[in-house]
């Protein structure tokens, strides 16, 4: 079993950092089996090809732009819904992710299961730190990442449970 939890986003553009902040919270607060990798992908694109290839489950946490939904709204997309979303995105890393997913499909290395946990940003202005609206979504989004892991039979162990 090979699972990757990938957080992507630009920490210099306010809410664009949500994906990175979600995986940071996961790594800080939970212990996962060795076959589950957590990766801060930042704004990387094709450089992630090797990391994303041949995964049993790829879970991506990211900010996703939507004109239909209010800032702070969480969206969960699965499998074929994910590449479709990235075909009309605005940020450079999402174009890169679309290319990576296309390349993985072309080479036969597409993940067996793909989950996107996305949060609609309120601001993409240059600034370090999330808006309160999006920061409030770290916890619910983290719960969705944990639920996606459970779907693949992974039970995350809270770090504080180890110290009790």
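Positions of Cβ are set from backbone N, Cα and C atoms, glycine also.
Under the heading Ni(2+) binding site, Swiss-Prot lists 16, 62, 93.
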Query raised in the report: Which of the three DSSP states, helix, strand or coil, fits residue 62 (Ni(2+) binding site)?
Result: strand
**Report entry** Three-class DSSP secondary structure - residue 16 (Ni(2+) binding site)
**Finding:** helix
